[in-house]
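Enquirer: For reference, the structure I am asking about is given below.
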């Protein structure tokens, strides 16, 4: 019964992460219409095509996707408005995550996940009926609020229910694959439905799926049953987790490895047009092939972690080295076929880092703090959000002042220099979890309702 329930909960979390990323990217095909409407051009579709994108991680923080091209600008602040629109989700997530992590630690994982799905449903409905920039901005910000609860609570729930390795790595790897698939499926899904059914239909479909996912979660973990978690241990405060040197190293790695993706997505389309004369379909398919090496990276890391769990730090360091080398190669590319190779390398490296280090965060909490995971995965989400809040706003300015090549060389150098820092995690696997809350409960026997439930889950 416990195994069946945790598998269903894994499905609920994966669908929530899939929806979050699809909603984040499905807006891309209709952006030109809103721009035209803001200029007084009505609802005439612009000539731009969406650029592809990829995303991986916790529930984290999301990978942004910007249009390949905007109609000719007439206002000086238009690019700023678009950048702020795309960054608003990550910005609000960045602000809310410290509060959501603390709340999740206090009330459990299911109720915040349900609340996050409800807010995401409201955000999706708002997108469907938005008619101006202010409404779009409100919907985007609402999505960030929902993601701060749904993504963090979902990843933390997986870590809690899959307490032992390698099951935990497999479950988190499945969640990362769903994130990546959402990034892949959203642009064609939104573009096709927008073209043949109108701009509201993609959002209404996603809203219905979000509603069904919330109802399934409600059936699995009704609010009246959350009282069973009233006796759960008090989690370590998020500010104490932030100053833990091991957790800080992992959080820094997650932020650094995602900077190339966050900064390239809003800038690479224009660079391809200017430097190699890329066509619209080439720009639109730029990120599509990168989905497959990302899933391959997740699979490889899960298998390696099961066979050699003491080398998790090495998988993360190797991923950062691959990201750094790939970033440095991008400015040397001369055509569409060449640029796909380093982009695939970046996504493969991100998969290595995420899949290796997300389970490490849960293990660090187990052996050094209290086995409650809301705050630690809120920190992971903050790491992602830092990169994706800055990307749409800062990347264009860096390219304008320093150049596209310098941007890539700087991002590559940052990843290569950070990779040796993960040596600090080399001895993490040798830490003994004998003093963790989880093992104390198992050794001393159940003393309350929460302890009894956890022991029954492990017996199951």
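Including glycine, each Cβ sits where the backbone N, Cα and C put it.
Automated prediction, rather than curation, is the source of TrEMBL annotations.
Sharing the record's features from TrEMBL:
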type: DOMAIN; residues: 9-430; note: domain 'Major facilitator superfamily (MFS) profile'
type: REGION; residues: 46-70; note: region 'Disordered'
type: TRANSMEM; residues: 7-31; note: transmembrane segment
type: TRANSMEM; residues: 111-130; note: transmembrane segment
type: TRANSMEM; residues: 171-189; note: transmembrane segment
type: TRANSMEM; residues: 201-225; note: transmembrane segment
type: TRANSMEM; residues: 246-264; note: transmembrane segment
type: TRANSMEM; residues: 284-306; note: transmembrane segment
type: TRANSMEM; residues: 313-333; note: transmembrane segment
type: TRANSMEM; residues: 339-364; note: transmembrane segment
type: TRANSMEM; residues: 376-399; note: transmembrane segment
type: TRANSMEM; residues: 405-425; note: transmembrane segment
Enquirer: Counting only residues 6+ away from its ends, which parts of the chain sit with a Cβ under 8 Å from the transmembrane segment (313-333)?
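Expert: Here the qualifying positions are 253, 256-257, 260, 264, 268, 276, 297, 301, 304-305, 339, 341-346, 348-353, 355-357, 360, 404-405, 408-409, 411-416, 418-420, 422-426, 428.
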Enquirer: Can you tell me which recorded stretch out of 7-31, 111-130, 201-225, 246-264, 376-399 has the most Cβ pairs within less than 8 Å of the transmembrane segment (339-364)?
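Expert: Maximum Cβ contact count belongs to 246-264.
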Enquirer: How about the transmembrane segment (201-225) and the transmembrane segment (111-130): do they have 3 or more C-beta pairs under 8 A, pairs 6 or more apart in sequence?
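Expert: Yes, the stretches contact each other.
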Enquirer: Take a look at 111-130, 246-264, 376-399, 405-425 and tell me which one has the most Cβ pairs under 8 Å to the transmembrane segment (7-31).
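Expert: Stretch with maximum Cβ contacts: 111-130.
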Enquirer: Given a Cβ distance threshold of under 8 angstroms, which distant residues of the chain, six or more beyond its ends, lie next to the transmembrane segment (405-425)?
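Expert: That would be 245-246, 249-250, 252-253, 256-257, 259-260, 263-264, 267, 312-314, 316-318, 320-321, 323-328, 330-331, 349, 360, 395, 398-399.
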Enquirer: Mean pLDDT for the domain 'Major facilitator superfamily (MFS) profile' (9-430), rounded to an integer?
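Expert: Across the residues of the domain 'Major facilitator superfamily (MFS) profile' (9-430) the model's pLDDT averages 82 on the 0 to 100 scale.
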